[in-house]
Every structure is written in C-alpha cells, then in structure tokens.
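Chemist: Below is a structure I'd like to ask you about.
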Amino acid sequence: MPSIRAPLALTSFLLSLSGKPSTCVRSGLAANSRPWFGSIAGRNRVLANAPWWGGKAELSTDNSVVSGGKEENVDLKQYPPHLIRNFSIIAHVDHGKSTLADRLLELTGTIRKGHGQPQFLDKLQVERERGITVKAQTATMFYNYRSKKTGGANERFLLNLIDTPGHVDFSYEVSRSLAACQGVLLLVDAAQGVQAQTVANFYLAFESDLAIIPVINKIDQINADPEGVKSQLKQIFDIDPESVLLTSAKTGLGLENILPAVIERIPQPKGLVDASLRMLLLDSYYDEYRGVICHVAVVDGVLKRGDKIESAATRQSYEIMEVGILYPELTNTGILLTGQVGYVVTGMRSTKEARIGDTLFHTRSVVEPLPGFKPARHMVFAGVYPADGSDYEALSSAVERLTCNDASVSIAKETSGALGIGFRCGFLGLLHMDVFHQRLEQEHGAQVITTTPTVPYIFEYSDGSKLTIQNPAALPSNPKSRLVACYEPTVMATIITPSEYVGSLMTLCSERRGQQTEYSFIDGQRAMLKYRMPLREVVIDFYNELKSITSGYASFDYEEAPYQESDLVKLDILLNGQPVDALASICHRSKAHYVGRELCEKLKKVLDRQMFEVAIQAAIGAKVVARETLPALRKNVLAKCYGGDVSRKRKLLEKQKEGKKRMKRVGNVDIPQEAFHSLLKTGN
C-alpha cells in the first residue's frame, strides 16, 4: 500500500497544537516565523523567538542607542517624570509632519518598518484621500538614551508624540495638543521655506511657553535650500541657525539626531507625583463597544483602574473601567502616572459628557481646576439637508454618530420650505465643512445637500435689541423696529507670497474689502502681507482665487479678529414673487447687485421650464435689484386643426392664453433636488 504523506501545512498545524513551534523550512517560511494558527502556548513561544515588528533595529550615535524591540508588558511605574517627554510636531500643510511621525515610530520599534500604511497616525479615510491630517493623534514610544547628565548611563525614556493638523481650519486641534506638551518640533520644508501656517503655529507654541526645536525637513530634494530657510527662521523668529536640525523624513537622513534633541532640549512634565489627581481631557471619540474613549494627560497624581473620578465641568462621577496608553493602538496598562498621556474608558455613553479641556479628579478630593482652553468658535454655518426630503431620520442618525467623533461641530435642527427638515451646522472653516460632508457620505452613506456657507452677523435695532443671525432666512425682511447698525466678523489674514505676485494680491484683497496692516519682505524673493478682512469674503472662494493668481505658490492663514460695523443687506430670491428661503443670503450693499445677478442667471440655467412664464428676481426688501425670465413652454393647441375657419384657431389660442394666466397666478414652481445640488455646491 503506498504511503500517504500529510501536507506540510497540516503537519505544521498538528505541531502547533502540541505546543511546539513549527519550523516550516521547506514551505519557504523562516524557522521562527509566526503562524496564524496553533495553540496559545505555541503561539507565545513563536512570538518570543521572533517579534512581529521584525527584530531589533539598533541605530546608534555617539551618545544614544535606540532599542528596536516593542515591549510586550509595559510597566509605567518605571517612568517617573524625569524620564518622560511630551512633544508635538507642528508645521504648515504638506511639510511632512505625518511622514516624520512614521519614521520616529519605526525608529523606536513602535511600528514595524514597511507596515504597509503610510501616515500611520492618519486614521480617517478622508485623511488618506486628501493627504491631510484632520484629527490630532497620539502615540507612545520608548527610547534608550545615554545622557551626559547621568554620566553616560543608559536610560529608557517614555516619549509621547502628538501629530497635529497643518490646515488653518484645524488650528483648534493644534491648540488642544499643545496643552499636553512641554515642547514642539517646528517642521519647515527645505524647498518651500517658512509659510503662513508655520508663522501661526510658532506663535501658538511661543505663547504657550513651550520649548521649540526647529527642524528643516525634505533636505534630499533637488531644490532644497536649508541655509536659506535657516536665515528665514532667524529673521522672522530670531531662531539661532546653530540650533536647527536637518533631516529627510522620506530617506531617514539626519533622523537619529531628533529624539536626542527632544530629550535634551524639552523639559520634563512639571506635575507633582504625590499630589491629588488632576487630569486634562484632551479629546474624545465614541466606540460602539466601549462607549466614549477619552484621551487624557495626567498633570498631578496617579490614576488606576477602578478609581472613582469626577468631572469639574459637569460634576458627574465615573468609575475607571480601563486605562492605558496608545502604543500605537490602545494598550491597557491599568495605570497612568504624573506626566503621562493616555486614554481612559469610564462608561460615558455620549461625547457631550466629555467636555474638551475639562479637569478630571478623584471623587471627594478638593483640587483647583486646570486652566483648560477656550471652546472652539464656529466661523462658518451651513444647512445640511437630506437629498431625498423624506430621509430625515437616516440623516439624523448619521449626523448624531458623526458628531460623537467630531465634537467641534455645532448642530441645531431647522426647517426649510424648499428643502424640508434638516440641520444648521457650525464649522471651524470651509475645509472642515467639506470634510464633514465627505465623512457623512463615506462613513455613514448619507446623501445630503449642503447650502451656501454663511457667517454669523449681528444686527442692532432702534429698541436696543441685538440679533445674531447664522441663517439668512431667519432675518426679517421688514422688521418692526428700525435697523440701527450691522456688524460682521473679520479675520486677520497672513499671506506669504513670491514678490512678483504682490501687486495682484493687493488688488484681490482690496476687491474683498481688505485693509492692509503690514507689508514686509522675508528675503529677496518672498513678501509677507497682513490684511484685516471680512470673514464672508474669505470663506466663499478667496483661497481658490489666491492660489490661481499665484500659481499655487502663496500660502494663507487667518486668525479671529473683532467684529466691525458694515453696510449689510438681506438679499431674497423670488420665484414668481414667492421667496425661496434656502437661497436667501446676507451681503454687503455694494455687492448686492452682482450677487443677485449671478444667482438669477444660475437659477435660469438649472430650473425646468414650466407651462407658464417664471420671473426669477433678486430683491432687497421691496426693491428688485436683478431679474431673469424663464420663458414658458408652448403647447401646440392647433395640432388637431386641419384648416377651416381661422376663428376656431383664434379661440383655442385665446383659451390657452387665459389658462397660462391662471396657472401663473396659482401655480407653484417646484425646484428639483438636482437644481439645488448644482446651485448650492460649495465654491459656486
């Protein structure tokens, strides 16, 4: 009888069940490779022999050595405050923050090299598609370093890295991240140099009294000019060129100097180990299985699983069900000590309970709340409605789930005569609105219509009352009291541009009602302009115009400025004399005619023709400032006539004429959803 030879995979499987690691040499697998099957004991033995992160990655310099092994059991008690460094990476958009974060995680063995996912800390699909960071993310690393201060003794440091967004809309995420840090890496592109968001982020860190380590990235590029960038940093921020680090996150060049600089230049956390517990709540998101997961920074004291804690803002009490670090995924450690950053699970069922910037402390202890930080101020408002008017419940569910993970969006229910029931949402900026819309569609499958973005205005009346308007339809066209003054929000805009585009940009800013406050040259090729501008002029399409004029070379950033008095009017769009609330807008009187003409022309293109003539008008109160006429469809009522008396034809035509008059008098114009889609598309 011929012998039957068991397949190699089956042999490996049986060996693993017996608790012996499989060699699998003939199958092409390494002797200590990790099989996906087998008993727990066998799997543990295999893991002990060959760590999944790819073995040790020893990288040494004169005074430091990086340990390449990912710790199986993390004991946070081994890391007192003097062995902890909390730092963040801040930079302009696309200057390489997330790529540098990847290299540092690989360097310390936190993730394996070539993990198959570039920008590891960019978790959201929208972040990967757009190549931007939207949510700040935290990761803990461990690093062996021989410090001169300890006489060359090798010490293991705990480093908390926070990767922050670079876009102006998400500067709130940056400010939250900096609250948990003692220092930052200020990253600058070696080719592009200092940009607008570089300036804004530097002053955020400077005002927070953080240690700043300047790093010039992308020095491997052909057009890199590190010396030129050093001189820019010296001129704008008075940074010593000798303190600047040079690196390429893409190739790893100069990377070994960054973490030693973090340890040497950034101070340890200042908290007190023996004091009562105080934690700063940095961020929160909703998990379907564990409820709300909070990211926290322990300022004073110690937090352990089973502790009872209380919120300083809501005075609600919770029990710590799970506590740990992000290594880089959630890793349960059972404890967090002074100066450490991690996560807690408390059984909260809604992110509304987790107020960002709140102080958490042990129940029945008396502590002084931490300063926290200002709540996010919403700069742009827009209506969000279901594409299918009857699908409100599905939209409501999607919005509720998404806002669980994005607490910076404000939500209020509203009703529109044209679009049905929806929500009035407040956003940090246009990109934030775009990202919210995209996440609704991608993550929750909701098809929505987003109305034209508006900004919050203040209207003052003769009786002394003040009305803040976020939705133009809510402003009465004929108020009972006389309007005394109107105020609109403004921003302080910073533009950094090649000097040949300065004239064109000055013209653009003047057309947008901007007032110049500063004009200076950074070097021989680039200038910095500062303007105070109305926020409405910025949120419509200013950024696109700026990029178009400068061929994409200019960078733009803005920060909040006080309200200013302005000559504002409400512009209504009428169809056959009936106002369409979803198309109402508030604009400056000098631009009302232009805006009204543009809207009327667009409506004429997207509306279906009716059996009667449709008048499309733009009006300020009772005064019509623009008009377009949509001609009626003509039905051939004479088709059934084959000659004969002309009076018969005349009678049919007169009857049709009377019918059209009657239809025009009582007929309503239905605006199809497709028309709203094309008309209200952002940027139109």
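These residue numbers are counts, starting from 1, taken along the chain as shown.
Using N, Cα and C of the backbone, Cβ positions are placed for all residues, glycine too.
Per Swiss-Prot, the features are:
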{"type": "DOMAIN", "residues": "82-270", "note": "domain 'tr-type G'"}
{"type": "BINDING", "residues": "91-98, 163-167, 217-220", "note": "GTP binding site"}
Chemist: Would you please pick out, from the binding-site residues ALA91, ILE219, the one with the fewest other Cβ atoms within 10 Å of its Cβ?
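Modeler: Counting other Cβ atoms within 10 Å of each of the binding-site residues ALA91, ILE219 gives the minimum at ILE219.
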Chemist: When a 10 Å sphere is centred on the Cβ of LYS97 (GTP binding site), how many other Cβ atoms does it contain?
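Modeler: Counting Cβ neighbours of LYS97 (GTP binding site) within 10 Å gives 27.
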Chemist: Could you tell me which three-state DSSP class LYS97 (GTP binding site) falls into?
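Modeler: SS state of LYS97 (GTP binding site) = helix.
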Chemist: Can you work out the mean pLDDT of the predicted model over the domain 'tr-type G' (82-270)?
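Modeler: Mean per-residue confidence for the domain 'tr-type G' (82-270): 81 out of 100.
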Chemist: What count of other C-beta atoms do you get within 10 angstroms of the C-beta of THR164 (GTP binding site), across all chains shown?
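Modeler: Result for THR164 (GTP binding site): 28 other Cβ atoms within 10 Å.
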Chemist: Within 10 Å of the Cβ of ASP94 (GTP binding site), how many other Cβ atoms can you find? Include all protein chains, please.
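Modeler: Here the count is 16.
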